[in-house]
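Asks: Under the heading coiled coil, TrEMBL lists 285-316. Here TrEMBL flags 29-98 as domain 'RING-type'. The annotation domain 'B box-type' is assigned in TrEMBL to 130-176, 186-222. According to TrEMBL, the feature repeat 'Filamin' maps to 394-497.
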Amino acid sequence: MSENKKPILGFVHKLPRASAPGNSGKTHCPLCMRLFKAPRLLPCLHTVCTTCLEKLEPFSVVDIRGADSDTSSEGSVSQEHKPQSLQRQIGILCPVCDAQVDLPMGGVKALTIDHLALNDVMLESLRGEGQGLVCDLCSDRQVEKRCQTCRANLCQFCCQAHRRQKKTTYHTMVDLKDLKGYSRVGKPILCSSHPAEELRLFCELCDRPVCRDCIVGDHREHPYDFTSNVIHKYGNSVRELLKSTQPHMEALEEALTQITELNCTLQARVEAVAADVRAFSEGYIKAIEEHRDKLLKQLEDIRVQKENSLQLQKAQVEQLLADLHTGVEFTEHLLTSGSDLEILITKGVVVERLRKLNRVEYSTRPGINDRICFSPREKAGQCHGYEVYGTINTKEVDPAKCVLQGEDLHRAREKQTASFTLFCKDTAGESMGRGGDNIHVTVVPKDKKDSPVRTVIQDNKDGTYCVSYTPKEPGIYTVWVCVKEQHVQGSPFTVTVRRRHRPHPGVFHCCAFCSSGGQKNARCACGGTMPGGYLGCGHGHKGHPGRPHWSCCGKFIEKSECTSGQSAPRSLLRTVAL
C-alpha cells in the first residue's frame, strides 16, 4: 500500500477517546495528559500509554480460554491450539470506561500498539515545527528531513549519509515542514519477532500481519498474501460490521435524546408538582395558623368571661359576707354591751337588717366551672377552602337535663330490635352539639337480672346517642341509662316486651262479596252473611260492621296485630282485594 493512499479503516477517528481540556484525544494520554509514548490499544478501543498502564493496579480473575486471545500483540507468532482450561488471569481496568481488560501472557507490553495514535502524535509534532522529534537513526539530533521511501525521520547529518549510500541514493527526501499537509507520516511497522523486517504480508490462517521471515519460519505452509491484496476483503468485512453497528448507534442516540428530554420533562414536572405542594402546604399552614389564632382568641375570650363571672360572684359574696359581719358584730355588741332599753330601742332596726340579710339568696359553689377542653379530631369547618380540625368546648353534660325519646322507649317485641334516642344537654338545658360523652346503658329482664341484654350505643357526634337492643323473650325489662355514672331523666324505666308481631293472614276489605269476586263460600271473621247462600258479608247485609275490616280477625285498624289465633280458612286465603 502506497504512502499517499488513505487508510482503509479511516473511521477509527470517530471512536470515543478521553482527552484533557484543550488537548486532542488522539495524541494525548487520558491518564498523564501528555503526548502518547508507546500507546497501547485496549479491547475497549481506548488508547493509553504503556507506562501509564504499567502503573495501574492489576487484579486476578479466573479465565476459561485457550491459547488464542484477542488481546495478543500483532507481532506474536502462531501457537498450537490448546483445550480450554481453568486458569488464573491477570487483568486491569480501563482508566477511561472501567472495562475489564484481560492481559495477555506478555503483560501490558503484549497489548496491540496503536499505530494510528503514533501517526497522530507525529502530525501533532510536525505542527509544532518538529519540536520534540529526534532522528530515527542516531536518536540524538533534531529531525529536519524525512525519507519518503524508508519513511524514516532523519537529521541533517543522517540525511547526507543516507544519500551517500548506494542502496538509498535515489530515495526521495522531503523537508519536515512540507509534511504538514500529509495525513500519514508514521514509521514503518516492523515485526516484533524480526525487528529488521517490515510487516508486509498477512497470514490468513493466523489472521495477523507477518513479515517475510515469519513466512519461512513459524508460518510455513500457511496461506498468506500481501497486505495490499487482502486489505479490501478484510476492510469490506469491517465496513459491513460498521454498517450494521450504525443503526444501533442511531437508536441509542435517539434513546439518549428521549431520556434527556424525559429527564428535562420530569424535572419540570417535579418542579411544578413541588410548587403545587408548597402552595398547598403554605395555604394549609396559613389556614391552620389562622384557625390556631382563632382558637386561642376564643380561649382568651372564655378566660375573660369566666374570670369576670368569678370576679363578680366574688365581689357579691364578699359584699354579702361583709354585710353579715357588720350585722353580726353590731348585734353581738348590742346584746353584750347594751342596756335593756338600748336593745329595745334598736331591736327593730337590727331585726329588719338581719332578716333582710337572711333572705338574700346565694350559692356556696362557684357559678361557673373550669371545664375547658380541646377536641383535636372534631371538624371545625373550613378556613380559606381547607378543612380544619380542632374545637374548644366549655359545655359540660348535665345528666339531670338529659332526656330520652323514642317509640320503643316503653314497649318492644321479642327478637326484634328496639331503639330509643338519648339527648345530652348541658346545665342550661342546651344541646351539647358534640359527642364523646361517657354513656352507659343496661337492659336486664326483671326475673333474670344476671342475664343482661347486649346493647349498642351509636354516637351521632351531635349530642345525641342512638341506643338499640334486641330482647330474646317477652316480659318486663328494666333499663338503666347513665351519663357520667349518673341517671338521666326517667332512668331507670321499665319496658314491656310482647311476643313477636302477628301479621294478618286475611285481607283488609269492605266486604267478603267484593274482595272475593262474588264467591259464595268466601267467609269473613265479622260473621256477616248475605241471602242467597253467601257465607260472607256484604254491604248493608246482616252482620256487616259498616266499615273496612280484616277478614281474619274483624279488626278495624289496618296497621294492627292479628288476634285470630289461627290461620285463615282456605276460602279466605283465596280472597283478594280487587
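Just so you know, glycine gets a Cβ as well, placed from its N, Cα and C.
Context for these features, please: burial, neighbours, distances.
Replies: Across the coiled coil (285-316), the model assigns an average pLDDT of 92.
When the repeat 'Filamin' (394-497) is classified with DSSP, helix, strand and coil residues number 3 helix, 51 strand, 50 coil.
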Asks: Sort out the residues at least 6 away from either end of the coiled coil (285-316), same chain, that have Cβ-Cβ distances under 8 Å to it, and list them.
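Replies: Residues packing against the coiled coil (285-316) from afar: 362-363, 366-368, 370, 372, 374, 380, 383-386, 388, 390-392, 394.
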Asks: On the DSSP side of things, how many residues of the domain 'B box-type' (186-222) fall into helix, strand and coil, could you say?
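Replies: Counting residues by DSSP class gives 4 helix, 8 strand, 25 coil.
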Asks: Could you count the residues of the domain 'B box-type' (130-176) that DSSP puts in helix, in strand and in coil?
Replies: 10 helix, 11 strand, 26 coil
